[in-house]
Amino acid sequence: MDNFENPLLAPDQDVLLYLLDGYSQLQQLQKQQFNIHDDNINYNNNNNNNNNNNNNNNNNNNNNNNNNNNNNNNNIGSPQIMNENIETNSNDPQYLERLQSIQQQQHQCQTQIQQQLQNYQQQYEDQYQQRQQQYQDQYQKPYSSPPLNFNSIPPITNNNNNNNNNNNNNNNNNNSNSNSNSNSNSNSNSNSNSNSNSNNNNINNNICINNNDISIFLLNNQIQLQPLQQQQQQQQQQQQQQQQQQQQQQQQQQQQQQPTQPTQPTKPIQLTQPIQLTQPTLLEELKDISIQQQLLSAIQQTAQSPQQIHPLQQLQPYQLQSYQQIQASQQLQPYQQLIQLQQLQLQQLEEEKRQQQKQLLLQQQQLQEQQEKLQQQLLQQQKQQLKQKVKQQKQQHQKQQPQQQQQSIQIPPELQNYILNNNNNNNNNNTNKTLSPISEMIQNQFLNNQQTILNQNNSTLQLPTPFYSPQQQQQQHTPISSFIPPPSLPSSPPSPPSPPSPPPQQQQQQQQQQQQQQQQQQQQQQQQQQQQQQQLQQQQLQQQQLQQQHQLKESYESKESIKKYNQNIASRNYRLKKKDYIKEIENKIATLSLENNRLEKENGSIRTNGSIEMMRMEPESMKMLMDGKLIIENIKHALIIDDEKSLIYLLHQYHRTIDQRYSLLEKEVNKLINPYTQLRLCCIGYVPKSSPLVLNIFQGPESDKWLNLFKIEANITPEQSIKIDSLRFQYGKVSSRLSNELLELDLIIKRFFIKNVLPTPDTPLLNSDYYSEGELIPNTTTESIAPLNNFELLDFASKLESLKNKIILNASLGLDTFATLCSILTPKQEALLLVRVNLFCIDLHHHDILGEVWTNVNQISNSLSNPLTSFSDSMKKINFSFLQLDNNNNNYHYKIN
């Protein structure tokens, strides 16, 4: 191994490392492919024929031994020949003992081979690590295995041809030896012993592999192998030759063994344990040997093709684990795909089942509906059929009764004469003779016919009996004895009971006559039956025609009745709809009339009162003011009682009622900010400069005094006072800016009205405050006013919109600052603030009374025709309004208390 240290240090020569590590892994791969344990591996070697080349002596016995050895070596893999040997030698105890010893030797060889392989692997790993360190020390970089250059590997040569030549020479020697064996019995015995010994030696040679050969394979890599196909062909040829030779030998041995017997006595063999070895176990061992040969051939094939070996010597332990995980995941991928496919198939099957169930349910519903329809149709058909049957039975009964009466009355004259003759004979003779057999037959037939007629009458009488005339009733009540059926009676009168016997010729003639008469009667009966059938068919046709006519009439009548019924329903529905429509129109007319009256009253009040009703506050805002006032009164009462829970509840209620204050404020501003009100303010000369008299708690010197007193009363902390002062400062800045913007917009709007809407020629300026001193108004007339442009109109509308927004911002500024001030304070302090400020201090009752007084005063000023009466009426109204004011105040205080 020391010879290979120096060349392995170069990075270009790493082939032996690959082969050394590849052989140990190749052994494991072959085990996995054939599913064979380590205990059953037998490394057979076909190169044992070298012993034959070294032992070519002149003695015939030695040549026989060598030839037998070669034959046994070549025939180990053939199961047919071994089966024959097993059959011949399975009962020999020596053979069994030898097999046992062979098995032990085989096991020992296997253990030795495994130990040697382990030692080689350990040595290789140690040397590989040492060489890596040497490489790193010399080249100062980590070792990396280069790619394999198979061109550098020496070519593989075949040396098995020499072995084959040796085998052929040995086979020729066998033929000569076999001839010599046939001459003497002693030589045959010696040959048999020598054959047994040679078998043992050859088996041992095949089982045990020389350690030197393994070392040569591992180190030098100069094992000369043969391709797999050529080797198989050679083995087949050898097996065929060996089979032919063995057959010849067996024939010769059989010829020799018949006259001879074994001379050498066999010694008894004492075994420690009883060996039970049967033919199948031996066959299994031989099969294992053949499998081992296949393993060796596969190893040789892999040695010939080193490109297929994966260079696993480069992988570290952690890399091997990752490699194994990747292989496991690759193996599991197809199973996962199969599982996914099965899941998809299951989902599809479930969906198909659901669809089938839905279809079945729909089909069942349809079948049920069809069954119900069919049942209804069957019931209707059954009812119609019953009606038709009843009608048919009535008609048949009416038609059959006169026919039965006629049949019952018609009696043939022959029977009447016969009955009269019988009665006369009985009266003359005064004998109690019995009737003749003919008369008895006639009577029996008569009675049977009577019974059938009675049964028919009973069946027909189940229906309601029709009305008969008196003649028909008499015919019906005639005695039953008068009814005699016409058939089965001879036309001639019967012969007397005791006449003289006529001759045979006369009897024959009489019989012939009787037969002719009977035939005539039968023909007549057939004709009558045919006539009756024709009559019945005609009657049935007539009945069917009548039924069809009756059905047509009924269908026509039913259709007409349905039409009449539908017409009645349609007319009734039309009348009801007409009534409903008339009622709707009347209600609409009533509502329109009420609206008209209300509008007339409003117009009259507007004319008289000067549009006071139009300027009235909205009912929603009035409701909000009244509710807020009531809540503040309740808060005042809770402060007196010092009830914190009620205060908190009332404050929540107060904030809930004030939610709509912004929307109501916009509605009130829209009433003021429009061209009509602005025109009136401009005509009047209104100037929004004067501040209101209401106290503003956020701005001005008076607010400072009020807030200082409130802080003392509400026990406000210094932190709260700082926040309140900063809030007031911010409010002052924003309110001053908004007030200036409002004044500018108001001036611009007033100038627009004065220039374009109210040009008064030769008149001085009404309010000189709007203009500067040098500004003059042009002396114009209505004719000289130019039309307005669209741009000017849009600009004026935008100015009005901005004025509305500024007013809303100014009003909402006060509300927002008040809300932030309430958030700074505690609930009790907030309640004190609401009670002291009282934003909802407007008394709407007083305001309404003042409006009524104003309307009455205007009416007094307008009524000039009859001033006394109008003045007295107006004074009455004023007094009445004052009385209402007092009553409202009393009611309001009563509600609060």
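Here the Cβ of each residue, glycine as well, is placed from N, Cα and C on the backbone.
Remember, predicted model here, so these are calculated numbers, not experimental data.
The feature region 'Disordered' is assigned by Swiss-Prot to 38-88, 128-198, 461-516. The annotation compositional bias 'Low complexity' is assigned in Swiss-Prot to 44-75, 128-140, 158-198, 506-516. Annotated compositional bias 'Pro residues' per Swiss-Prot: 484-505, in sequence order. Taken from Swiss-Prot, the feature domain 'bZIP' applies to 557-620. Annotation comment: Swiss-Prot describes 559-564 as region 'Basic motif', evidence class similarity to another entry. Look at Swiss-Prot and you will find 569-576 tagged as region 'Leucine-zipper', backed by similarity to another entry.
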In the region 'Basic motif' (559-564), how many residues does DSSP call helix, how many strand, and how many coil?
6 helix, 0 strand, 0 coil
Check the region 'Basic motif' (559-564) for me and report the mean pLDDT.
87
How many helix, strand and coil residues does the compositional bias 'Low complexity' (128-140) contain under DSSP?
12 helix, 0 strand, 1 coil
Can you count helix, strand and coil residues in the compositional bias 'Low complexity' (506-516) using DSSP?
11 helix, 0 strand, 0 coil
